[in-house]
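Asker: After the structure tokens below, expect a handful of questions from me.
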Amino acid sequence: MLPVLPPALLALADGTTFLGTSIGAPGRTVGEVVFNTALTGYQEILTDPSYCRQIVTLTYPHIGNVGVNEEDVEAAKVHAAGLVIKDLPLRVSNFRAAMPLSQYLEREGTVAIAGIDTRRLTRVLRTTGAQNGCIVSFAPGTVVGEAEIAAAVAAAKAAPSMAGLDLAQVVSADAPYEWTETSWQLGRGHGTLADAEFHVVAYDFGVKRNILRLLADRGCRVTVVPARTPAAEVFKLKPDGVFLSNGPGDPEPCDYAIAAAREIIDAGVPTFGICLGHQIMALASGAKTFKMKFGHHGANHPVKDLDSGRVSITSQNHGFAVDEKTLGANLRPTHVSLFDGTLQGLARTDRPAFCFQGHPEASPGPHDIGYLFDRFVALMQERA
């Protein structure tokens, strides 16, 4: 006999509602509802700190086929506020699976809903833009009526807007730590960096573990520092290069990070930024950012390298972008999105610093743009 799952409700701030079944923890959650078009990598997506306070809708219909393991995580816990999917398979099939997705969600306290029309939801978000929502997981046997729906819509309306939210310090580490773990290989698992050629200080605005692994793969001993670390403390560590990580929220309120990045870049330290780090570098260089209608979330985004003409398929996860009209003479565009023409990469014309809006570390997604890590290493070699 198939299990009878408790009812669940997704309500958007505009009053749009979806009834489904609960596949995670009981309770209620609110956040900005976004859609991600990746076919795989749900575990990496859930644990990506960049999804803090966001409810993630996965557009691929079957989610959970390969279960969950203890290695493919980008942080120590789930950071997404909630999960929305179409169908949860009843049988898990993968030799690395440690547990089903539903069990993992329950363990992590993540509220999730399945059995809704995710295509309709995605069309709503595409038309109206990302908006706040509320998922409620009810007790078994609950009849979801007008009162329950009204309460969920009210909760969605009351949730704070992502614009103006500084979430980097919410997800950042509390204290510095060292990172030497390298990428996973079949039959070995994760390795450990043996001989380091460079010392990189990585700002943790919500850093993904695979970024740190790819730096370690290239001979970098990484010291990860909290988001609010002043530049003076970084200089004491005598880094060969500084990395500005990905992260959630609006970059403009992160004045502490912008000030530190400006000081580090002006000092001539080789600097590489990704995602939120890209936006912080742009703000530190005098440019402005803006909130996008529904952002870029997926693993199939084509991006053009303006220097080489090469087109790469990239992983993306951001709701803000750099305004090209605000670039000064000290910044030049290096990459653009072929979906909407938004800026995807920048380089300083007067300092050894560059940044990329997407995710060259993938996890999940393609590795086409991974050469940017090699470019960072080359910058450090030039300055050695």
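Each Cβ is built from the backbone N, Cα and C atoms, and glycine gets one as well.
Feature table excerpt (Swiss-Prot):
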- C275: active site, nucleophile (ACT_SITE)
- H359: active site (ACT_SITE)
- E361: active site (ACT_SITE)
- S50, G247, G249, L276, Q279, N317, G319, F320: L-glutamine binding site (BINDING)
- 199-384: domain 'Glutamine amidotransferase type-1' (DOMAIN)
- 1-195: region 'CPSase' (REGION)
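What's the neighbourhood like for these features in this structure?
Answerer: The Cβ of C275 (active site, nucleophile) has 31 other Cβ atoms within 10 Å, all protein chains considered.
Secondary structure at H359 (active site), as computed by DSSP, is strand.
Every protein chain considered, the tally of other Cβ atoms within 10 Å of the Cβ of E361 (active site) stands at 26.
Counting Cβ atoms from all protein chains shown, G249 (L-glutamine binding site) has 26 others lying within 10 Å of its own Cβ.
Over the region 'CPSase' (1-195), the average per-residue pLDDT in this prediction is 96.
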Asker: Measure from the Cα of F320 (L-glutamine binding site) to the Cα of every one of the active-site residues C275, H359, E361, then give the nearest.
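Answerer: It is C275, whose Cα lies nearest.
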Asker: Could you state the CA-to-CA distance between G319 (L-glutamine binding site) and C275 (active site, nucleophile) to the nearest Å?
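Answerer: The separation of the Cα atoms works out to 10 Å.
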Asker: Around G247 (L-glutamine binding site), which of the listed active-site residues (C275, H359, E361) come within 10 Å, judging by Cα atoms?
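Answerer: Among C275, H359, E361, the ones whose Cα sits within 10 Å of that of G247 (L-glutamine binding site) are C275.
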Asker: Can you grab the distance from S50 (L-glutamine binding site) over to C275 (active site, nucleophile)? Cα atoms, rounded to a whole Å.
Answerer: 9
